[in-house]
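Engineer: Below: one structure in C-alpha cells.
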Amino acid sequence: MNPGFDLSRRNPQEDFELIQRIGSGTYGDVYKARNVNTGELAAIKVIKLEPGEDFAVVQQEIIMMKDCKHPNIVAYFGSYLRRDKLWICMEFCGGGSLQDIYHVTGPLSELQIAYVSRETLQGLYYLHSKGKMHRDIKGANILLTDNGHVKLADFGVSAQITATIAKRKSFIGTPYWMAPEVAAVERKGGYNQLCDLWAVGITAIELAELQPPMFDLHPMRALFLMTKSNFQPPKLKDKLKWSNSFHHFVKMALTKNPKKRPNAEKLLQHPFVTQPLTRSLAIELLDKVNNPDHSTYHDFDDDDPEPLVAVPHRIPSTSRNVREEKTRSEINFGQVKFDPPLRKETEPHHELPDSDGFFDSSEEIYYTARSNLDLQLEYGQGHQSHCFLGGNKSLLKSVEEELHQRGHVAHLEDDEGDDDDSKHSTMKAKVPPPLPPKPKSIFIPQDTHSAEDGNQGTIKRCPSSGSPAKPSHVPPRPPPPRLPPQKPAVLGNGVNSFQLNGERDGSLYQQQSEQRGTNLSRKEKKDVPKPISNGLPPTPKVHMGACFSKVFNGCPLKIHCATSWINPDTRDQYLIFGAEEGIYTLNLNELHETSMEQLFPRRCTWLYVMNNCLLSVSGKASQLYSHNLPGLFDYARQMQKLPVAIPAHKLPDRILPRKFAVSAKIPETKWCQKCCVVRNPYTGHKYLCGALQTSIVLLEWVEPMQKFMLIKHIEFPMPCPLRMFEMLVVPEQEYPLVCVGVSRGRDFNQVVRFETVNPNSTSSWFTESDAPQTSVTHVTQLERDTILVCLDCCIKIVNLQGRLKSSRKLSSELTFDFQIESIVCLQDSVLAFWKHGMQGRSFRSNEVTQEISDNTRIFRLLGSDRVVVLESRPTDNPTANSNLYILAGHENSY
C-alpha cells in the first residue's frame, strides 16, 4: 500500500455523527455529518467494498485529496476502513452543487458565471501545477460553501500527471463535458490536463443554459459526433444576451486543438475573469436558492398557457340533415376518379421492413409509383449495405462499459440491421469527401441518361455566415443501386422509362400488378397473410381509381396540416391534424361515430410521422417536438377515464422525468418557420431540416433510437418572407442541400436556378444581389435528377441544373389557367389546387385529366403525406366550420 495512504481502523461513528444523506457519488453515498468532538460539519462518502473490487481507484482519490490543500479544493479530513465499508471524510459545502442550485434559480447571471469560472480556474491551476488533472469538471462537481466559496470536488476520476504517463490513455469522465481529444483517445493517443479547460468552457455554457451542449443526445451519440473531424466547438446560443467577453472566453476555452487551447494560467488572464468579481455574487446566488422568487425566473422552455377560450377535447362530427342537398363539389367528388398519389424516390419510408426486405403497406391508403425492381434493389441491398459498416467497435464498447460503470444505464442497442451510427463511429475515413470548387456556379454531376444537358452547373450555395458547416470525414457511403437500362425507375427520361398513365385505362397499374404478382409468387408471399388495417376498406383489385370521401362534417378547428398513422397494436388508421387548438386525431375505423380527440393541447403548424414517432412544430415558441405516438394515444385514452385530468403536457419538464414524457422538445429549434423531410436514395439516410429565424438545423434519423438527432446548426440569414424551404439530394454529398429560394435561370437552356445552402461545405457561396426571386409555391424532388417546380400558373419538370427534362413521352411543362396554391403528384398527372377547386393535368400531354370547380366552396389542401386530406368551407362564410375529405379507394398494397 502507498506509504502516504493512511487509513484508520477505528469506528468512524466514534468521531462523526451522520445527520442525513445528501447525495450519491460515483462510487458511493454521501452523508452530511458532524464531528462529535469539534461540532464541525463534514461530508462523508461511504463506499461499500465488494470482493475483488479495484481498490486502487478509491486509494487514488484519497491520495489526491490528501495531497491537495487549496481554498478552491474540497479539504480532506481522513479515512476509515470499517468492515466492508470505506469512509472518506471531507469538507462540507452547505451551499450544494451548482447543478442543484441552477435547478432552483434558473440560469446564473454573467457575473456569477465569471466568478465561478475564475474560482474553478484557480483550483485547476493549483492541481495542474502539482502534476494532477481532475477530468470531471462540471456543474455537479463544483460546490459552494455557505459563505460563497467555490470548491472542486469528486476526485474519483483524477489522475496524477507523471513523467512516465504524460498522457493518460484512459477514458473516464462525463461525455457532454468531455474534450474532443478525450473522446478520441484511442485514435489520438491520449490527452493532458488541458482537457479540464475544455470542461470549464462547457460548464460555463451549462450554467448559462441549464444544460451542456448536446445534452439531448445519447452519450454515445455525443461521443461519436465529437470524434468526427468536422466537429465544431459549441457556442452560447443567445448572441445578444451575453457580452462579447463571455462569448470570447467560451471560444478560447473550447479551442478544439488542445495544442492551441490556453492553459489555466493563461485563461485566468482573460478579461472575463479579471474583472472585479467578489464573493457577494455567490452569496446572492445562495440567497436566491434559500428564498426563491418564482416570479423572476421563467424557464425559457415555458409551456403555453391555457387558451382563453375553452377548447373541447372531443369534437363530434355534426350530422347532415337528410334533406340537405350535397354541394356541387361533393357530387363531383363521388364521380371524378383519381390515380394514386406518386411516391417520390426521396420520400422517407414510414414502414419497417419485413424479413424479406419488402414493405407491406396494405394498411395504408397509399400507393407507390416505384417498380418492384426498384424496391428490390433498394431494400434488398439495404440489408447487405450494413455490412460495410461493421468495423472495430472497441472504442464505443469501452466507452459504453465505462459509461455504464459511471451510472449511465441507457445504452445503444446492438441492432445488427439498423445501428448505422454506432458502426460509422468506429470507422476511419480513408479519403475525406472532396470539397466543391468555389466559382459562382457549381457543377453537379448528372446521371448518364441526362447527356443531352449541358455541363455548366447552376446550383448556387448561399453563405453560411458566422460558422460555416464543415464536411464530415466519414466512411464512404455505399454506391447507389444501378437500375438495369431496360427497367429504369418511374419518371425516367429515357425511352425505356415506365409510361406514366395519362389515359384512364390503368395500364401502368396493370403493368405493375403483373410484375408484383410474379415477384410475390417467386417470394412465396402469397401464403403469408397480409396485415389488415382498420380504416376505409380497399377497393377490389380491378383498378377503378379513387375519389374524395368525406370523413368529417362541421369541424370547428383552424387546421394547419394533416397526416396519418396506423396504430401497430390495434391496426386502426388515424388522421392526425395540427391546428391552432392543438393536435387532434380522427379514427378512420370509427366513421360511424365520428369524433376528433385531442392528443396535444398546444398550437401546431407542421406535422410529420416517422414510424411511431410524430414530429411537430408546436407551442407559442414554434419549437420542434418529438412525440411517441403509442404513448400519446395511451395517455389520451387514460385521461378520458379520469373525472379530473391533470395534463402532463402542462407539467414543467423537470417535474416529469424524461423517460415518462411522451412529448419532448427538440433543443435548439425554437422559432421554427418551416420544416422538410427527405430521404437520400443513395444512402437510405433520412434527414429533417428546420428553418429558424437566423439559422438552419439539420437532423438525421437514428434507427436504433427511433428519433431524429441534431447533426448541424448553420448560421444563415433567412430570406424574408421565406416562401419555400426544401431539401435537394445531390450525388456524392453526405447531406442534402437546403433550397431556400428559386431565381430565374441565366445559363443556356436554364429555366430556374436553385438558391441553396450546402451543409457539406466549409466555404460560403454568396447569393448575388441582382438575382430576383421567382414566385415559387412548390419544389419537390421526385427522383434523383428530377425536380418539379411550381411557378404561379405553370409547373416545370427540371433536373438538378435547372434545365427542362426533355423526353418524347413526358411533358416538361404543365400550364394551368389559375394561380396554383398547392399540388399533389399522382401516378399519371399533377393535381393542382386553387381557391375554388382542383385540376389534374397529364404528365404526357398536358391535357386535363380531372377537374372539379365549385365557386360556392373554398378548398385548401391540408396534407398529402401518405393520405391526401382536403378542407372545404362555404365561400360566403369563410370562417364557418369546415368539412374534411380524404382521397381514398386505392388497393392498399404494392
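Cβ coordinates are placed from backbone N, Cα and C, and glycine is handled just like the others.
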Engineer: Based on what Swiss-Prot says, identify which of S329, S507, S763 is the phosphoserine one.
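Structural biologist: Residue annotated phosphoserine in Swiss-Prot: S329.
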Engineer: May I ask which residues of the same chain, at least 6 positions away in sequence, place their Cβ under 8 angstroms from the Cβ of S329 (phosphoserine)?
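Structural biologist: Spatial neighbours, sequence-distant, of S329 (phosphoserine): G837, I852, S853, D854, T856, R857, F859, S872.
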Engineer: Relative to the Cβ position of V30 (ATP binding site), how many further Cβ atoms are located within 10 Å?
Structural biologist: 19
Engineer: Grab the pLDDT values for the domain 'Protein kinase' (16-273) and give me their mean, rounded.
Structural biologist: 80
Engineer: Same-chain residues six or more away whose CB lies under 8 A from the CB of I22 (ATP binding site)?
Structural biologist: V30, Y31, K32, A43
